[in-house]
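*Asks:* Encoded as structure tokens, here's the structure I'll be asking about.
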Amino acid sequence: MRQHRVRTVRRLARAAVAASAAAAALTFGFSAPSQAADPSLREVAESTGRFIGTAVNDGLLSNGTYSDIVSTEFDSVTAENAMKWEAVEPQRGQFNWAGGDRLVQFAQANDQLVYGHTLVWHSQMPGWLQNGSFSNSELRTIVTDHVTTQVSRYKDKVQRWDVVNEAFNEDGSLRQSKFYQQLGASYIADSFRAARAADPDAKLFINDYNTETANAKSDGLYRLVRDLKAQGVPIDGVGFQNHLIVGQVNGQAIRQNLQRFADLGLEVAVTELDIRMRMPSDSSKLQQQARDYRAVADACLAVSRCSGITVWGVSDRDSWVPDVFDGEGAACPWDENYRPKPAYDALRDAFVAAGGDPGDPDDPDNPGDPDPPTGDCSAAFTVSNRWDTGSVVSVTIRTGQALNGWRAQFDLPAGVNLANGWNGAFSQSGRTVTVSNAAYNGTVSAGGTISFGFQTSGGAAQDGTRVSLGGQECAAG
Ligand code: XIL
């Protein structure tokens with residue numbers, strides 16, 4: 001089975017990715033044969049409908065080795081620092097978008113999602129904000145203006161935002177940040193509302209650490225997001241940082257905790273995964289680290305609403321860990337010399353093991369699942385952003401009858417390629433793109449809607465393109 005999946009994934013792989021993987025192999029002189037021969041992390045992740053991301057230091061993108069790994073292995077990027085308040089608004093009202101823009105351009109050139117990090121956080125605030133004294137109403141305006149300005153700047157370019165970061169104390173109470181001290185808990189709801197108003201299509205997250213398993217802190221977070229949802233505050237997801245320690249990872253506890261948040265109807269994601277060890281590293285620590293990475297990945301992949309995994313740094317050379325945790329390090333999937341570690345293989349194995357089996361139409365023994373039946377459907381195919389060589393499309397299909405698994409198809413203009421999709425498993429053959437449900441959105445009630453989105457490369461898609469569902473053409477909707 002594993003062999004078949006790998007072959008299928010490879011068949012679907014775009015030539016461009018294969019070419020750049022080969023180039024990367026040449027550049028690094030990889031000794032691990034698996035690196036050049038096997039599909040990349042992003043290829044195996046895409047076959048599961050989940051994303052695989054990394055924190056990116058945009059200053060390193062001029063380093064060819066670094067940027068080759070980021071573009072070849074990941075389909076999502078998070079700014080490690082460039083989108084934080086101190087970087088974006090160093091003086092009040094003066095914005096510096098250079099680092100964020102560079103990352104967004106890189107992502108568009110490489111058909112990647114962008115995970116925006118972070119809008120409202122007690123740490124890495126600019127001095128004028130940290131040290132300034134403001135009336136409560138002035139501070140409220142400062143917060144909502146900041147959220148509005150930044151989310152508007154990246155409207156349709158950033159698909160997910162950590163709107164509020166690290167709002168909790170370890171005991172589950174709200175942290176006494178400047179925001180909480182002056183505004184109370186309402187700063188959280190206000191920030192989400194401002195973000196939603198600025199970009200209705202971006203998914204809005206609250207993000208924290210030490211919340212990976214059930215404990216006092218994650219219980220506090222759980223109560224907050226449950227209440228926010230009940231009050232109609234526009235929150236879509238919860239991010240779990242996962243800054244973990246080798247040998248102290250309980251995959252089952254992580255899965256159960258992700259599931260209880262998912263059961264609130266929220267998306268969940270692993271947002272900052274790294275697993276550190278006491279230095280120096282040795283092969284048994286690296287093997288244990290691989291098992292720990294696998295456990296976290298398996299936990300996410302077992303939860304249908306877990307949309308993806310972001311690692312916090314590509315290599316041990318770029319990681320924040322040694323600067324912050326005395327005597328610890330080696331927390332990333334690549335080593336100091338950008339060679340993949342056992343943790344890298346473990347991550348890839350987890351995606352391969354979780355990969356759906358899309359079948360191979362050329363293989364008479366396994367032609368893939370037949371199209372599930374559908375009733376009447378209508379579909380809106382909307383190009384929300386376009387540029388010279390690409391576009392972003394969102395598709396919403398309303399189905400007349402309940403579905404348990406679905407498959408949608410449409411054609412792109414000649415020469416336009418599917419680059420990267422979300423909320424579905426994507427493949428392209430000639431001009432025709434096929435999208436099947438992701439693990440978490442296959443069940444749709446009669447009259448319910450299916451939503452997915454994607455980016456194109458090589459040109460823009462056409463607004464209003466006709467879509468079929470289960471082989472039946474949908475009315476324009
Ligand atoms: C870290 C960065 O990796 C460092 O470069 C920076 O000096 C400090 O912040 N939780 C978060 C991240 O939400 O933004 C932090 O990133 C790591 C902990």
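FYI, residue positions are counted from 1 along the chain as it appears here.
Quick reminder: no glycine exception, Cβ is built from N, Cα and C everywhere.
Feature list, courtesy of TrEMBL:
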SIGNAL    1-36  signal peptide
DOMAIN    35-350  domain 'GH10'
ACT_SITE  Glu272  active site, nucleophile
REGION    352-377  region 'Disordered'
COMPBIAS  359-368  compositional bias 'Acidic residues'
DOMAIN    370-477  domain 'CBM2'
*Asks:* Within 10 Å of the Cβ of Glu272 (active site, nucleophile), how many other Cβ atoms can you find? Include all protein chains, please.
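*Replies:* Counting Cβ neighbours of Glu272 (active site, nucleophile) within 10 Å gives 25.
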*Asks:* For the domain 'CBM2' (370-477), what does DSSP give as the number of helix, strand and coil residues?
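*Replies:* The breakdown for the domain 'CBM2' (370-477) reads 0 helix, 61 strand, 47 coil.
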*Asks:* Quick one: mean pLDDT on the domain 'GH10' (35-350)?
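*Replies:* The answer is 97, the mean pLDDT of the model over that range.
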